[in-house]
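Trainee: Next up is a structure, given as structure tokens.
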Amino acid sequence: MVSLLFITMISLTLAGSAYSQVTQAPFQVTVKIFADPGANVTLPCRHLTSDSTSFGTRVKWYKVADDEALNEDVISSLGIHTISYGSFKNRVFLQETNDTDDASLTITDVSKNDTGKYRCEITNGMDDVLQEVTLEVADEGLPTGVVFPYSPSKTRYSLNFNDAVLACQGQGAVVATFDQLFEAWKGGLDWCNAGWLNDSTVQYPISKPREACGGANNKPRLVSYGRRDKHRELYDVFCFATALTGRFYWLNQPDRLTYDEAVQACLDDNAQIAKVGQMYAAWKFAGYNRCDGGWLADGSVRYPISRPSKNCSPTGPAVRFIDFPDKTQKSYGVYCYK
């Protein structure tokens, strides 16, 4: 599922003299984000070390031109002083979280004109950071989204067609079309469980043929069972979620929570416990990355990784599923949405 996110980790290298305005060699990370016109989108940027401090730290974002002498300032911040510029004035802001390492930029009401490469500079005189994000805004009338496989329990193949429709709706999504699954497969989606599509066919995408899933000698393909009995036959489902208009976030809590406590904690924060589709959308469109399993509305525990590491999704970017645990278990945090 490396390419499902469509967020490509291009490099994680020590950039030496590539950017003369930075006095010390920064980490450079390049990410790609997709968005629909009119949506709000978050471009991720953060310190890559855990010992950074917000004291005296300057954050600056700008849009990169082919001729870097023509780069366009977007926003700059030093302490409590923040200024936005030009066409971005009153349309951009930095994330306000308790995470002092987070310098992510939110652009509201994006348009095709916002497409391009953005650069984030974090300067504190010790560990300077450069990160680049490419934003691609879709043409009007061509909604982008993310396809994800879904099963509402530990046991696969429990949904008839009508149940599948309700399952996707319950997770902030709709049943995917063949074209949407086909595009996701071209992007690298690989899943060995068959699922309903909105035309009542049942299919699954294989981008990495293997013996346990249709045979190692077969070609990458979409495997189709054809149209199935909507009422009697049971499968999983492929859902489709579009970009978010609200905020998906990890709620900092002093202790681990039961499911009921997680629901209440989000309500106390004037939010709701997040849905699976919202996590996938935040993962794809905002590059959301956190290596903490958290409760979601369906009772599952998952976490989104857009920047893989040795200890978190080392095989690639993914929304990782942990379990449908006992809801009285105090072992996890919670993801909220508002």
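Glycine is no exception: its Cβ is also placed from the backbone N, Cα and C atoms.
Here's the feature list from TrEMBL:
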{"type": "DISULFID", "residues": "CYS192-CYS213", "note": "disulfide bond"}
{"type": "DISULFID", "residues": "CYS291-CYS312", "note": "disulfide bond"}
{"type": "DOMAIN", "residues": "26-136", "note": "domain 'Ig-like'"}
{"type": "DOMAIN", "residues": "146-241", "note": "domain 'Link'"}
{"type": "DOMAIN", "residues": "246-338", "note": "domain 'Link'"}
{"type": "SIGNAL", "residues": "1-20", "note": "signal peptide"}
Trainee: How big is the Cα-to-Cα gap, in Å, between CYS291 (disulfide bond) and CYS213 (disulfide bond)?
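Mentor: Cα of CYS291 (disulfide bond) to Cα of CYS213 (disulfide bond) measures 29 Å after rounding.
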Trainee: Hey, how far is CYS312 (disulfide bond) from CYS192 (disulfide bond), Cα to Cα, in Å?
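Mentor: About 22 Å separates the two Cα atoms.
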